[in-house]
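Novice: Once you've had a glance at the structure underneath, I'll fire off some questions.
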Amino acid sequence: MRASRPAVHPVEAAPPPPAAAAEGPEAQVEGAAHPRGVRMKDPPGAPGTPAGLGLRLAQAFFAAAALAVMASTNDFPSVSAFSYLVAAAILQCLWSLLLAFVDIYALLVKRSLRNARAVCIFTIGDGITGTITLGAACASAGITVLIGNDLNICAENHCASFETATALAFISWFALAPSCILNFWSMASR
């Protein structure tokens with residue numbers, strides 16, 4: 001029989017054993033071990049938790065801010081590293097917003113995102129977007145240092161905007177790193 005498996009599973013608490021309730025509070029303390037097969041709660045920052053949603057929204061916000069600051073300059077297309085930063089910020093913003101919507105759905109229906117396939121997709125996506133965002137931020141930082149410190153041509157360029165966009169891209173990556181690590185840990189601990 002083929003049956004579909006949803007990406008979100010209900011979180012159900014196991015009822016207390018009837019024998020412990022009948023014996024009194026002393027028996028409850030002694031038999032306080034969790035029954036076999038009960039999982040611990042999702043760690044803060046995992047998909048489907050309020051902290052996970054906060055991390056996703058922070059990722060999207062800082063990526064969108066980096067995109068807006070870089071796009072506000074008229075000469076960013078002349079440097080390939082800055083164009084790469086814009087493309088990476090767009091990808092990061094879209095990925096983070098997509099997963100934020102998944103987190104919102106899971107929170108609204110009070111479900112946990114513990115499906116192995118979903119966690120694997122989240123981990124791979126976070127790893128790819130994180131690598132791209134970090135690479136773009138590092139490349140932009142290198143060009144910004146070259147323009148500002150080595151060539152001393154900040155007078156005719158938007159160095160402050162370039163530095164701000166680069167810093168925002170790094171902050172977006174720092175918000176992505178805990179999500180990626182928690183997803184990888186969750187996937188590896190299965």
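Every residue gets a Cβ built from N, Cα and C, even glycine.
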Novice: I'm curious whether T49 and P77 share a membrane side according to Swiss-Prot, where sharing means carrying the same topological domain name.
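Specialist: Domain labels do not match for T49 and P77 in Swiss-Prot.
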Novice: What range among 1-31, 32-62 does Swiss-Prot describe as region 'Disordered'?
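Specialist: Of 1-31, 32-62, Swiss-Prot gives region 'Disordered' for 1-31.
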Novice: With CB pairs under 8 Å as the measure, which of the listed stretches 51-71, 82-102, 127-147 comes out on top against the transmembrane segment (165-185)?
Specialist: 51-71
Novice: Which sequence-distant residues neighbour the transmembrane segment (82-102)? Criterion: at least 6 residues beyond either end, Cβ under 8 Å.
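Specialist: That would be 7, 47-48, 53, 56-57, 59-60, 63-64, 66-67, 70-71, 76, 113, 122, 125-126, 129, 132-133, 135-137, 139-140, 143, 162, 165-166, 169, 172, 176.
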